[in-house]
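**Student:** According to Swiss-Prot, the record shows the following:
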DISULFID  Cys86-Cys97  disulfide bond
DISULFID  Cys108-Cys125  disulfide bond
SIGNAL    1-29  signal peptide
Amino acid sequence: METQRASLSLGRWSLWLLLLGLALPSASAQALSYREAVLRAVDQFNERSSEANLYRLLELDPPPKEDDENPNIPKPVSFRVKETVCPRTSQQPAEQCDFKENGLVKQCVGTVTLDAVKGKINVTCEELQSVGRFKRFRKKFKKLFKKLSPVIPLLHLG
């Protein structure tokens, strides 16, 4: 009789421990990866943006080398986003949108916490200067002036 009672008690404790283990998510399940945290930051940028189109992750800088694995401590992030063809009012996820040809590119920096439940995002994004477009325009402009300089003697570029 004593053995049966101990057996029932052990069975109840085992059941309670099993239920408790299933009810409480593990700490590793609550931590986001660096990339997942950045994708959340991009989503937040799109939600708060007044831009006409959605932006999508273009390039992600490598995560900083840190020993601290605590998901509640802010981690620095740096990444670039590019304008897509999808309007901001669309319900389509930005990751499913194609990049817009000659779309704006923005550099984003800030901090994120990797906690999936209480994650905090503090990121700002600024438009990158379009150096490539300016160089192409300048070359075409110089070429045009070289063609016109014999016709108009006042126009001479060195």
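Even glycines carry a Cβ here, placed using N, Cα and C.
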**Student:** So if I draw a 10 Å sphere around the Cβ of Cys125 (disulfide bond), how many other Cβ atoms end up inside it?
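**Tutor:** Neighbour count, Cβ to Cβ under the 10 Å cut-off: 19.
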**Student:** Looking only at C-alpha atoms, tell me how far Cys125 (disulfide bond) is from Cys97 (disulfide bond), rounded to the nearest Å.
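**Tutor:** Each residue's Cα considered, Cys125 (disulfide bond) and Cys97 (disulfide bond) end up 20 Å apart.
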**Student:** Could you tally the C-beta atoms, other than its own, that fall within 10 angstroms of the C-beta of Cys97 (disulfide bond)?
**Tutor:** 18
**Student:** Using a 10 Å radius around its CB, how many other CB atoms surround Cys108 (disulfide bond)?
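**Tutor:** For Cys108 (disulfide bond), the count of other Cβ atoms within 10 Å is 22.
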**Student:** Just to confirm: which same-chain residues, 6+ apart in sequence, have a Cβ under 8 Å from the Cβ of Cys86 (disulfide bond)?
**Tutor:** Asn53, Leu54, Gln92, Ala94, Gln96, Cys97
